[in-house]
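Copied over from Swiss-Prot, here are the features:
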type	residues	note
DOMAIN	4-238	domain 'PABS'
BINDING	Gln33, Glu108, Asp140, Gly141, Pro165	S-methyl-5'-thioadenosine binding site
BINDING	His64, Asp88, Asp158, Ser159, Thr160, Asp161	spermidine binding site
ACT_SITE	Asp158	active site, proton acceptor
Amino acid sequence: MTKEVWNTERLHDHFAQSLRVSEMYYDSKTEHQRLKVFQNGTFGRVLTLDDVVQTTEGDNFIYHEMLTHVPILAHGAAKRVLIIGGGDGGIAREVLKHASVEHVTMVEIDAGVVDFSKEYLPMLSQGAFDDARLNLVINDGAVFMKETEDKFDVIIVDSTDPIGPGEVLFTDTFYGHAARALTEDGIIVTQNGVPFMQGDELTNTMRAFQALFQDATCYLATIPTYVGGPMALGWGSHSTKARSVDLTTLEARFAAAGLSPDYYTPEVHKAAFALPGYVKKLFP
């Protein structure tokens, strides 16, 4: 009888999440972290970094759509987009669905993530790495953000959790450089974990955003493999204009974009900014 193999994630104290591994496709250590890709009966192919689930074939659409379409459609005229992280290509996939976006810069610290994602998780990028509008830069996102002189309409920080190489993407210094790199009406969105489990992540980001941006808040999306309730996606902008866009305008922009997402709708977009009390209490 074959012994069952499980991948167990222990990101949070006093709590673990296990996914059954029906087939292991990839298991190797890069310079920065241990990467695995395996098959799970519920979620399809699963990508983990140091055993922590990063994305899955089954539920990635929720995270990638909400981190992308919310800022781009709220902005309404985004032409230049910066992605920090996102080596699996899922964010790039969604950004490049917007024909109005002319140039995408994607900064990924680990070339190994990109290479094996192309080979083992092609369903995530769906050819995004071959799009002529995408400029892939292998560099530390914090270093790039400090040194860039370019301006961006939307900055999407698709980071890992604030441990290891992803830690610098949660600092006040990084956010300060990002604020400088935004256009006048630009928007930054960030991955800030699950507030019920990782409240400090949201508190620290909101403290930094409140000092840097006229509009600083978060919005929510529930992704099954990011356990503990809704995930917080940070939102910062030098203007309140984007977040106050009415539903009719969003619906018109959505229709013009010709999108057919599986999670995002203009109604979900507006509702995502309605925050429960326990999340509001995490704001400084």
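Using the three backbone atoms N, Cα and C, a Cβ is placed for every residue, glycine included.
Sequence features, as recorded in Swiss-Prot, placed on the structure.
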{"residue": "Gln33", "record": "S-methyl-5'-thioadenosine binding site", "Cβ within 10 Å": "18"}
{"residue": "His64", "record": "spermidine binding site", "Cβ within 10 Å": "28"}
{"residue": "Asp88", "record": "spermidine binding site", "Cβ within 10 Å": "26"}
{"residue": "Glu108", "record": "S-methyl-5'-thioadenosine binding site", "Cβ within 10 Å": "25"}
{"residue": "Asp140", "record": "S-methyl-5'-thioadenosine binding site", "Cβ within 10 Å": "16"}
{"residue": "Gly141", "record": "S-methyl-5'-thioadenosine binding site", "Cβ within 10 Å": "27"}
{"residue": "Asp158", "record": "spermidine binding site", "Cβ within 10 Å": "26"}
{"residue": "Ser159", "record": "spermidine binding site", "Cβ within 10 Å": "22"}
Whole-number Å only: compute the distance from the Cα of Ser159 (spermidine binding site) to the Cα of Glu108 (S-methyl-5'-thioadenosine binding site). 10
Reported as an integer number of Å, what is the Cα distance between Asp88 (spermidine binding site) and Asp140 (S-methyl-5'-thioadenosine binding site)? 16
If we check Cα distances from His64 (spermidine binding site), which of the binding-site residues Gln33, Glu108, Asp140, Gly141 wins as closest? Glu108
